[in-house]
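Remarks on the structure that follows.
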Amino acid sequence: MDSLYSAAADGDISKFEEHSKQLDQILTPNGNTILHIHITARRKPRSRISQNMDFVRKIHEMCPKLLWKDNKKGETLLHMAARHGHADVAKYLLQECKEPYQNDQELGIKNTRQMLQMINEAKDTALHEAVRYNHLDVVKVLTVEDREFPYDGNNAGETPLYLAAERGYVEVLKEILSTCISPADHGPNSRTALHATVIRNDKGTTTLLLNDKRILKSEQDQEGWTPLHLAAHLGYIVILKKLLNKDRSAAYRADNKGKTALHVAAGLGRVNIMQELISRCPSCCELVDNRGWNVLHFASTSRNRRAVGLILQNPLLGNLVNEKDKKGNTPFLHAASIRFIIKHPKVDLLVFNNDNHNASDMIDTLSSFYWNSQLDNTLWHFWASLRIRSGRLFMSKDDQKEGKENRGDPVSSNSNSNDDVYGDFPARKNHLVVATLIATVTFAAGFTVPGGFVADEGPDRGAAILTKNRAFQAFVIFNTMSMFLSSLAVIDHLSIRPATHNIEIRNQNSYRQILINNAMWAMVGAFLAGTCAVLQNDKILAISACVVPVAVCVFAKIISNRKPDPGYSR
């Protein structure tokens, strides 16, 4: 068997002449015939085509049954020829399907179509195989023989047209569109070939499909997404413009959750996509999703200043500011958006939702804006609390919190009342310890300065030796700042007044933390400056001692602030 296998691969006809009546019984464990083996091993250089075709032709003449013989995977000789790009073999096989019916052309065509439509266990036709491996010559041979067959999807839902679009095979795509009368274009997850080209951001194949009248431009996948939704999600502005040029109605089509392409773009903060959709289809801004969210609700969740500003600055969209969703929340009541919308002239600052929460309650739940410094956040909370009055539930929330913490334990309630009044006691205690340590260290450093003091008799006795050194001067400034800021934090802790609301408690803690953080950085600066001062004779070592730790700190800060890219996760 091994010798016959090798002979089939090499195209040696002599080994099979004595077995001519049993050729259909010579099979591999997977059910491959000698022609399956030969076509698989066949090379494509032009110099071998004549010899190889002789082998195929002579073996077929010895055993015509092999023409329709498939292996255990349901793969015919035509499947193998299409997969390996042998257009001449494919053409010969199709001609042999017609050969027995030369006197009846219709039967010959029917027999040929039967061969073309045969599927393997994955429900792939020969055309699926030819397209998958980008064999244009084979595609031409197959499509011209049956222009009317639509070629439905395989087990994965892929049609030949979808495969060509998804893989970017432009010439194959052109051939199918120009030859087949009504090619099926659907793919997995109820997507179409147009969905596939949009995902690839393939402008050429997208234009090709959009210019074909047989291709539907706004078909929805199983999530309800049209190609326009995908372009908006992925930020492909050129593709989006092409889609809108062909079918503007797609901008008004909602997915299974009621979201339009504009909602998708706004939720991701894609400003250029939003501008294009709003300018081309302004009335789509009025649409809401299944939760009642309008485009401003989505833009608010994106935390993109420009996305929110694009809507607020449009006079035609001013009514969206106070539109409520099904829970009674306006865009203003989304905690992430309060900062952007609070200055809008049409915003209702006193609005309440269905749970009797207003903007004051939203601010209370928002600890910080990730894009701002802590100082900026503290000033913002203070400013916002002046403009927005307390909510209807601010007293009941504090009572409920106290009740939950102390219910059934009157002793605990009495003992902890002082902590409730003065805010978060563990945080205050930690602040006091850290501030005291910094003040102690910097106070000591002020009297044990780098380089020491002048001990010789004279007017400068007791003065710092490095007084005129620039680095030493920086040390003195940073050390004094650190001492002053940490002392302020200690004084603030000791003179704190009772807090009556969560906002006030948070502001007090934030103020102390700002002082301590800046004191810590000033102490680091004093250390680096002092190091440079005592290493003034070795500038390379001094610079290295300062640059390396600073670079490490900056790198660590960048890494800690990085956010994962949402990307495309559908």
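Glycine is treated like the rest: Cβ placed from N, Cα and C.
TrEMBL: automatically predicted annotations, no manual curation.
Keep in mind that this is a model prediction, so the values were computed, not measured.
Listed features, source TrEMBL:
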type     : residues : note
COMPBIAS : 397-408  : compositional bias 'Basic and acidic residues'
DOMAIN   : 427-534  : domain 'PGG'
REGION   : 397-420  : region 'Disordered'
REPEAT   : 73-105   : repeat 'ANK'
REPEAT   : 156-178  : repeat 'ANK'
REPEAT   : 223-255  : repeat 'ANK'
REPEAT   : 257-280  : repeat 'ANK'
TRANSMEM : 432-454  : transmembrane segment
TRANSMEM : 474-494  : transmembrane segment
TRANSMEM : 515-536  : transmembrane segment
TRANSMEM : 542-560  : transmembrane segment
**OP:** Report, as numbers and ranges, every residue of the chain located at least six residues beyond the repeat 'ANK' (257-280) whose Cβ falls under 8 Å of a Cβ in that stretch; write 'none' if there are none.
**Re:** 224, 226, 228-229, 231-233, 235, 237, 240-241, 244, 248, 250-251, 287-291, 293, 295-296, 298-299, 301-304, 306-307, 310-311, 314, 317, 566
Original post:
To what whole number does the mean pLDDT across the repeat 'ANK' (257-280) round?
Top reply: 95
**OP:** For the repeat 'ANK' (257-280), jot down how many residues DSSP puts in helix, in strand and in coil.
**Re:** 17 helix, 0 strand, 7 coil
